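Annotated features, as they stand in TrEMBL:
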TRANSMEM  46-64  transmembrane segment
DISULFID  C110-C449  disulfide bond
ACT_SITE  H121  active site, nucleophile
DISULFID  C249-C499  disulfide bond
DISULFID  C301-C317  disulfide bond
ACT_SITE  D397  active site, proton donor
DISULFID  C470-C478  disulfide bond
Amino acid sequence: MASDIMARVRWLFSRLVKSSYRYTPVPDDEAPQFRPHLVKERRKKAGYFCLGIALLLLLLYFAIPYGDLAKSLPGCERNGKCKPNPHRWGQYSPFFSVPSDIDGSIPVGCEVTLALVLSRHGSRNPTSPKSALYKDLIEHIQSSVSHYGEGFEFLADYAYTLGNDDLTIYGEQQMVDSGAAFYKRYRKLADDIDPFIRAAGSSRVIASAKNFTHGLYAARGNGGSHAEEDILIIPETDSFNNSINHGSCSRFEDGPYSDLKHEKQAAWKERWLPSITKRLNQKLPGANLSLTETVYFMDLCPFHSVADKNAKPSQFCSLFSEDEWRGYDYFESLDKWYGYGFGNPLGPTQGVGYVNEVIARLTGEPVKDHTSTNSTLDSSPETFPLDRRLYADFSHDNTMISIYAALGLYEGVPDLPVEHRVPADQAGGFSAAWVVPFAARMYLEKMQCGSDEKEYVRILINDRVVTPKCKADSHGRCELDSFIDSLSFAKSGGKWETCEV
């Protein structure tokens, strides 16, 4: 329909161009005989022009998605009518397929011989401490504000009903879908092979692993009756070594670098938030919100959205412009980069234990590690088998960031500045929303191609091919030996020796 309308518009405008004239003066005695003809032509042209404009407006209305129109309208935040973009919500974004510079499909003629997924849990409710803060914020606003500005009227009767910690209904479905997607991509293996599954010990991570399992076996159409019982759950306690949940390095958790992320975020808040906070306080006279409370207020957008079974964007989302949400995503990206990634001197070290387990799975050799791995579990074929061809591990966003860094992903990306925002496509593909949204997933696959006996490794994060620091080919793959050689940081234990200093 859109193409037909556009073709009609082009035809009309071509008629206007073709019917245009260049006039030269005529003698007065000849003028009368031309006047009726010129009037008729002008009316005809005017009719074509009006019809063309009308059709162009119809084209804009029907052919262009409403979201694109809304994003082009300046000042939408002043009346609370901005079009939400869930891809700007940092680590609270629901999973989405991230644009890739390299085709992520399995190359023609290649066969995957081993596949691993490292997954974040699905969309959840706020953590208990945050949920209490959000509830207090709403109560403060409602007790302080008597007149709500345009777009904010819904707050007068709003009731805070979010839960704590656990997966939402939407988050459960995300993980079912994730299991089905894993089966579909690696069907040649998954039709006959059961994956070995591990989960960090929090309830939302365990529930995510179970829902993933349901999705995988439902897609396969058989088996899986005992799959939930076979999930290995690794406790998240400080005294228990756990490669899929950071916490074993005391200097990282409580040492001089533990506040680095807060310092960077605070600096960005001073640049990004004052104008937003000023507008909120004008719309909510008497609330006197601080910069930190403005962040909490924005948090309510993603959490309320994923609380809906279809992740329908909440009214909170429409109160902020696209550019303001870009600043929000960057705020959360600073947390990840300086809290757990290359911006923290001990960030990558928190992921070396898991990377050494990956090496063991790729080579079929026992785990060699003295960091966060659990030697009791990793030395047993029951709790760390080396003969499987499908693996699935379930964790948290922060630990996944450290694992990415220990794998050498995003190495070489300059530290994210706090003076200005660097978009993900200019930061090597790094942003909180792009790498650790709710239900984020990293696929690591080993493959062979044709008669070539060489084995290759490739990594995808949320469907985006991410090249490690080994020499990758046009498909984003490294030869297996080259890939393992590139992991010298992990094989040497990173900076683990400083953890207890």
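Yeah, the Cβs are placed from backbone N, Cα and C, and that goes for glycine too.
Just so you know, TrEMBL annotations never went through curation; they're auto-generated.
Quick caveat, the model's predicted, so the values are computed rather than measured.
Under the three-state DSSP scheme, C249 (disulfide bond) falls in the coil class. Rounded to a whole value, the Cα-Cα separation of C470 (disulfide bond) and C449 (disulfide bond) is 19 Å.
On the backbone, the CA of C478 (disulfide bond) and the CA of C301 (disulfide bond) stand 40 Å apart. Counting only the Cα atoms, the space from C110 (disulfide bond) to D397 (active site, proton donor) is about 31 angstrom.
Between the C-alpha atoms of H121 (active site, nucleophile) and C317 (disulfide bond), the distance comes to 23 Å. Rounded to a whole number, the C-alpha distance linking C317 (disulfide bond) with C499 (disulfide bond) is 41 angstrom.
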